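Chemist: In case it helps, Swiss-Prot gives these features for our protein:
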TRANSMEM  24-43  transmembrane segment
TRANSMEM  47-69  transmembrane segment
TRANSMEM  94-114  transmembrane segment
TRANSMEM  117-137  transmembrane segment
TRANSMEM  144-164  transmembrane segment
TRANSMEM  171-191  transmembrane segment
TRANSMEM  216-236  transmembrane segment
TRANSMEM  241-261  transmembrane segment
TRANSMEM  272-292  transmembrane segment
Amino acid sequence: MHANTLLNVESTVLDFWRLLKPRIMYLVVFTAVAGMVAAPGSIHPFLALISLICIALGSGSAGAINMWYDRDIDLLMKRTKARPIPSGRVSAESALEFGVTIGVLSVFIMAIAVNYISAILLAIGILFYIFIYTIWLKRRTPQNIVIGGASGAFPPVIGWAVVTDSVSWRGFVLFLIIFMWTPPHFWALSLNKSEDYEKASVPMFNVVYGPEKTRKYILVYSVLLVLTSLLPALFLKRAPFYLGMAIFGGCIFIWHAVSIMKLKDHSSQKRMFSYSISYLFFLFASIILCSIDLF
């Protein structure tokens, strides 16, 4: 009996953890770290840790509320029907309460412990994802990911504000990189999940305009992304090294975009989706390395 209780508790904890969309949360935190490291000045390590926890909780909050709102369409799609709410492991009410609670806490703690500007930016990012992307855009327009992608681009700007207590065009350069990265990243996934999105009546770009046009736009956004990725060289300490890394990673990104146009198959699209994640980690790791004093 005791063992069963422990298993049930562990299962419940894991399900609430899944509500936070941890894979997205890891990327959010990493890009926030890049914003903090690239910003001029310094911050106490404890405050930096508090800030990152708040950013992670804010991201998780948006993810949980997104799952609460999308529980009807999640039930219709193979990719999402096993999520905690549609599978019945977590009630919709509990998920909403959980998401709202950690979201409010993350913004409140950020405001009290760090500064108001970073707290306001965190709140804007959470609310944008919930109200602009999830509730307004996702089910209404094929531009859902293009516009809604702005919500996922806030973390480096927040990280910058954590250190400087201000916003800067340099922080928004990092924002722009993620903004340009989001469409090719998600469209590569949606090409392989067209039936799911059609069944759930989600007007993804490929569902509305077809796979051929989607692949062309993936290439267009990939080129724009690579060009945008060069901009941090304007303010990073080791600009030549960064440019080399950005061009190297960007050429591979464009190669994948060209490959899916030529091959038009599931495997190439899956490879591009996977690489796009590695690419963003690689690019922001390069930003971090070129912002710190190694010697």
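Each Cβ is built from the backbone N, Cα and C atoms, and glycine gets one as well.
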Chemist: Short question: which residues 6 or more past the ends of the transmembrane segment (272-292) have a Cβ under 8 Å from it?
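Modeler: Tertiary neighbours of the transmembrane segment (272-292) are 27, 30-31, 33-34, 37-38, 156, 174, 177-178, 181, 184-185, 188-189, 192, 218, 229, 232, 236-239, 241-242, 245-246, 249, 252-253, 256-257, 259-260.
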Chemist: Of the listed stretches (47-69, 117-137, 144-164), which one yields the highest count of Cβ-Cβ distances below 8 Å with the transmembrane segment (171-191)?
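Modeler: Highest pair count goes to 144-164.
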Chemist: Restricting to CB pairs under 8 Å, which listed stretch, 47-69, 216-236, 241-261, is in contact most with the transmembrane segment (144-164)?
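Modeler: The stretch with the most close Cβ contacts to the transmembrane segment (144-164) is 47-69.
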Chemist: Where else in the chain does the transmembrane segment (241-261) make close Cβ contacts, counting only residues six or more beyond its ends and a cut-off under 8 Å?
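Modeler: Residues packing against the transmembrane segment (241-261) from afar: 184, 188, 191, 215-216, 218-219, 222-223, 225-226, 229-230, 232-233, 268-269, 271-272, 275-276, 279, 282-283, 286-287, 289-290.
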